[in-house]
Amino acid sequence: MRSSVLPLTWHLVRSSGRRGLQSRLLAAVVAAVSAFVLLMMIAVSLGSGERADRTAWRTPQAAKHGTAIEALATTFVRHEPVTVVSLAQLPGRKATPAPPGLSTFPKRGEVYVSPALAELMRELPADQLADRLPKPESYGTIGAAGLAAPDELVAVVGRAPSDPAVSKAAEGGNWYDKDRTARAVVAGFSSTEPSLFTGLDQQMAVLGVALLVMPVIVLAAAAGRLGAARREQRLAALRLAGATPRQIMAMTAAEAAAVGGAGALTGALAYAVLLPALAEIPYGVGGWYTGQLWVGLPWFAAVVLAVTALITVSAVTMLRQVATSPLGVAQQANPRRTRMIRLVLFAAVLGYVLFTTQGGQLGARQLVALLALFYGAFWLFGPWVVDRLGRIVGRYARRPATLLAARRLSDDPSGAWRTVSGLVLAGFVAGFFSVSQLQFGGPEQQGQVAVLTADSAATRRAAAEARTLLREAGVTATVTVPSEDDFGSSLGGSPGLIARVSGGQAQIDTAMTVLTPLGAGRLPFTQDYTNASDDVALDRIGVVSTATLVMSFLVAAVSAGLTAAANVLDRRRVYGLLRLAGTPLKTLDRARARETALPLAVLAGGTTAMGVYGAFQFNKAADSTMNASGALQLAVCVAVGTLAMLTAIGASRPLLRKVTAEPTQTAD
Amino acid sequence: MSTVLAGHGLIKKYGATTALAGVDVEVGERDSLAIMGPSGSGKSTLLHTLAGVIRPDEGQVLLRGERSEMGVPPAEVPQPSAGGAPRGRIDNLGENRLSALRRKRFGFVFQFGQLLPELPAEENVALPLMLEGTPRKQAVARARRWFAPLGLDGLEKRRPGQLSGGQAQRVAIARALVVEPDVVFADEPTGALDQHTSTEVIQLLTAVTRESGAALVMVTHDADVAAHCGRILHVRDGRISSHSQYTVG
């Protein structure tokens, strides 16, 4: 026998009128937003990894039977890093393959630059940037295969094996050279070690994703609840007409899957269409090559299916009552009590997390796994807290609005938890990031340009020459030669000279450029170079924290607003009759706000404290101090988040007014 | 018997459909009035218009007519206007005043679904008092007094979902009466009940309402239920087609 479920579902969907269409459209929009955000998060994580992989060839990897010398150097212009890769084919050895982004191995004197570097070289005077590199007859261009991002500043220089830039002196070795300066005899470009400027990107992106994924899932689940009341009404009637629970479930699933699937697919397609625009959003080393943000078909399909499944499961779960009893929600006899086991499990997980983080040395994967565990535990614990809170407040409530809110909380703690869970978990994000803005100590070396030399004799000669070069270039600077046990200077105890430059960044860039020939294989450097790894970590944490916070609060506020709207529709009859009997709209509205504000105050406060603790552990692992201004930022975040949440709930007030205005608009 | 509630020349249209086509009705103290009629006749519209839920397009609704001892603040009952509009007119009050009036002077019983599922029975009954500012303890105590007369002893702590249909309707009656209203409006109060329970509930509703001194205005399609009221109005096509009067003990 042919199943009647699909045709009947389709018929009911078509005949459900404007309001039915609106709630489905809203659910589809939410599904689209969820799919879009999820795909973006996956894209950034995967894309960051791919970008890092594309920089690995620049790190020289020593080979037993090497054919060429590869030297990595890093210089800064306008505080932006420029990666310089020097290559020299060794005579009498096999030809070395071309590095990524180049069609051939560069010959001596050839200089290849990335498009962004070429543009910057055109923009800035030669004595601020171009003169740091050899002057070829013409510059070659490094292709995308050799670059992490279109905005990356990279140069590849072909040199003679005897060139100081590829000599032993170019090996680096000081603490500040790590991942910035290196040299080795190589046989190719198969290194897997990413550059300093991209190595942290993926870890930080994954951390951001781990913190964001739960609020997005909550949002998608909220979409499944939209229109539940209307479906309930319709399907309860079908139950009375003889439909079986299985048919009801199938009809609900079919409708929710169709709406969720259409929305998720639209969101996914929007992501695909908007890829070129999304690629313009900078992260780390700048914007993206569009292809880097394409997640691939398996991920694309997985996200569409996951969002669809989430919405479907959410919708079916909401209808369980109708399916089991034809009288549906009217028979809400026993409130679901939460058991103490939730508290026990939560305490156990919390204990485990605390114990595991005691050591302070955690990898990104461990951190993400612990976060997932923590979220899971909170998902169990949240409803238990809401239930207890409802009972306690219910016992002492004096005002009708508070009493209504408290009774609602203990009547459906899971539902109330769902409303606030997004912001509660966002509170954790806020707590975590606001105080984990790492601060590293270190000597202030503003305006210092350091030049490394071979020894003290060379330093003296270089100092005299430096003064002349700087004067000729019009740079006001004092050149000094720190003693070799002065570890406070930029040289960190190595032989060399320091030029203290007066004036702005242009003067410093000029000094670095004119002093380049004195470095004997090493490029002059500033504190941008010595602090690079700390600066990169700070920058990435700053970007990810800001993005995660903004997204979390937005997503949490939207899901709270949606849940509030769904609740109004679910309870429209009882609200309508209460209002008809004279209950002021204000009382109903206050009750709805308190229903959210009460658990929010308790739970968000708790998770924010947890976040602060997590950040403390993270900082401990990174051996850094806590950010003093973090507390203020945290307070602002919590205030803005709460305000956004209450505004989102307030947004459903017109809906409440509308559904309760005239509950009997019939001619009877 | 003095008039508590009166509707004069009530007209209400929904688009092209005329729900009320000039209805005049009066309800006296301790009066019980059943409004009957086929579906779409306008009986529920008439009840909701008298209760101040729906504004008539034309006509007036007066609560206690010219009398001033309504118990509601004077601001809620307009004084005679220059044009001579009567005192006690409620159909032209603002939404907030109307809400307050319904809360303080009227009680409502519906077919189903008027109880808050998460509140125990006693709190459902106490809610209108709490909305008026009565302290919770006092409100619950006053609410409990209604449980024994309505045969609800021992059910104070039960939630609506744990009550039978008849018990839930009796809780709804208690809630309607707890504010000591002038008029109780009932819209198909026994529509969801079996015949035996229906008879029990309607007997209680009419008896307790009369004892409390309130008038009862009830919409029903059931002639047996209507027979418990003192008067029956038959409504057809938005007009009163007949008016019967009984003597109810």
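The backbone N, Cα and C atoms fix where each Cβ goes, glycine too.
Note on the transmembrane segment (A:25-47): residues 202, 205-206, 208-209, 212-213, 216-217, 219-220, 222-224, 226-227, 256, 259-268, 270-271, 278, 283, 288, 292-296, 299-300, 303-304, 306-308, 310-311, 551, 555, 558, 562 of its chain, located 6 or more positions outside it, place their CB under 8 angstroms from a CB of the stretch. If you look up TrEMBL, you'll see A:25-47 (among others) marked as transmembrane segment.
Residues annotated as transmembrane segment in TrEMBL: A:204-224 (among others). Sequence-distant neighbours of the transmembrane segment (A:204-224) (same chain, 6+ residues past either end, Cβ-Cβ under 8 Å): 26-28, 30-31, 33-34, 37-38, 41-42, 44-45, 48, 256, 260, 263, 283, 307, 310-315, 317-318, 364, 367-368, 371-372, 375, 418, 421-422, 425-426, 428-429, 432, 540-541, 543-545, 547-548, 551-552, 555-556, 558-559, 562-563, 566.
The transmembrane segment annotation in TrEMBL covers A:256-279 (among others).
Residues 27, 31, 34-35, 38-39, 42, 46, 217, 220-225, 228, 231-232, 235, 248-249, 252-253, 255-257, 259-261, 263-265, 267-268, 272 of the same chain lie 6+ residues outside the transmembrane segment (A:299-319) yet bring a C-beta within less than 8 angstroms of a C-beta in it. Per TrEMBL, the feature transmembrane segment maps to A:299-319 (among others).
As annotated by TrEMBL, transmembrane segment applies to A:340-355 (among others).
Look at TrEMBL and you will find A:367-386 (among others) tagged as transmembrane segment.
If you look up TrEMBL, you'll see A:416-435 (among others) marked as transmembrane segment.
The transmembrane segment annotation in TrEMBL covers A:549-569 (among others).
The annotation transmembrane segment is assigned in TrEMBL to A:596-616 (among others).
Residues or ranges marked as transmembrane segment by TrEMBL: A:628-649 (among others).
The transmembrane segment (A:367-386) is not in contact with the transmembrane segment (A:256-279), judged by fewer than 3 CB-CB distances under 8 Å for residue pairs 6 or more apart in sequence.
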